[in-house]
């Protein structure tokens, strides 16, 4: 057992103290992690190699997959290692880095989803100006802004979270350094730092949510005026996967991060944390590929026997460079 009074880090309680359940948790997380890695790497590779997918929508999708790849890598490998070793201890430096990267990547994901909703709005509601609005330079600047905004958000959350005085044992009832769970260890729930953190998180999430909602209100009003049923189906096939991902991610993350710290059930916290840390990065590649005819065609082409040798040569050339 870890000496809770002498340690400078934290003790992550995880899902269970029973050894068999810890091994089961590690195996399930390992399978999920490998699926997420495979799916997101496949999307990044397909979009990079297939020139027909070099458009703003797939450019943003590639960066979403990259974010998902990094996002799930922040928490799941550490949790697998803790379960296999039967030790949930995490050092203070590791916890600070985990909070920074977790918040930075989560904020970047919300921002890229907001940019993707605007891209769909520009493509459907303003098709004549789409090429001018979403030119390559604008797309690059948007992605750079997404990564910078995420980094600043992560830096602010890490700085504020670890400046709050903690009381009692440093035990976190979670499988990673979760900010809401860490705030439960604070000596007071009403410090200025916590209020500033909650206000910043709420305002940024609200701005992104309002932007996404307004974009889709305009999109659906435009789509419903399309006379052709085939045209409406084609538009919905590109918009509905994105809308599902946005709704799923923001609802789960919002429930966990925007509520006040309390002594609620740790089991419920664990369940909701899986909904925004593990499931979205794993399901996003499936959602975007199954509902998108262009992605399915590109996947079939890349995996076909005729194209496979050429793709291997391209990949080798890329690695040599």
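Including glycine, each Cβ sits where the backbone N, Cα and C put it.
The range from 5-22, 59-76 that TrEMBL describes as transmembrane segment is residues 59-76. In TrEMBL, the feature transmembrane segment is placed on 238-258, out of the ranges 238-258, 301-321. Within the listed segments 165-185, 270-290, TrEMBL records transmembrane segment for the stretch 270-290.
Contact count against the transmembrane segment (139-160) (Cβ pairs under 8 Å) is highest for 96-118, out of 26-47, 96-118, 195-217, 270-290.
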